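Feature list (source: Swiss-Prot):
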ACT_SITE  H169  active site
ACT_SITE  K171  active site
ACT_SITE  D176  active site
DOMAIN    164-191  domain 'PLD phosphodiesterase'
TOPO_DOM  1-6  topological domain 'Mitochondrial intermembrane'
TOPO_DOM  25-223  topological domain 'Cytoplasmic'
TRANSMEM  7-24  transmembrane segment
Amino acid sequence: MGCASSKEEVALTPLSDVNAAKEVADLKAQVDQLKRQLASAGQSAAPAAAGAVKGGVVETLFFPDEKLPCRNNRRPGGCKRQHCEYSHTPTSLSRFLDYLGSATRTLDICVFTITNDDISDVVLELHNKGVRVRIISDNDQAHTQGSDIDKFRQAGIAVRQDKTAAHMHHKFAIIDGRLLLNGSFNWTRQAVTANNENVTVLSDPKLIASFQQQFDKLWDMFK
């Protein structure tokens, strides 16, 4: 914000015994003015930054978490156990679940593999509330131990899988067409507590539109 150059412009000149007091007073006035300018610039920058967030990165979540979040603590009434081994404080997964659970109309999921029951439970709850959920996943991963794909199908959620020898390796979700969750994070327990992973939450309309276009393309391709 130009702080360095401003300080350089405030040059000290040799002071004589006669005008020392005046020079010091003038210098103090300049410093006070500079402080007021910096404060004013900071206040005016805040709305601009807020606007940038609305159209860009909302938050980036990093894994692994030290512990899985306590399911009971996320429910009304909280956890009643005296010695609970799960986390009662916000974690990357709990934040992820908050974003995922905020869907009110649509949830489009395009993820390589889904085996994490905490995530699957939120997806099923949204489906039961009437949110239109669509899932695209990898065909090979759907048959691995712990996969929740069959659980989703049995619940009536629309699921499609790739039909090629290559992997469907995306890891993103679109919430109500207003939020995008995207990153390296596979929806597995291993990814939560062991792997170095990331999920970026974005709200940029153009970026979301491009991911929605890709989702719709794959959805039609994997009929």
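Glycine is no exception: its Cβ is also placed from the backbone N, Cα and C atoms.
Distribution of Swiss-Prot features across the structure.
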residue	record	Cβ within 10 Å
H169	active site	13
K171	active site	19
D176	active site	14
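Between D176 (active site) and H169 (active site), the C-alpha separation comes to 22 Å.
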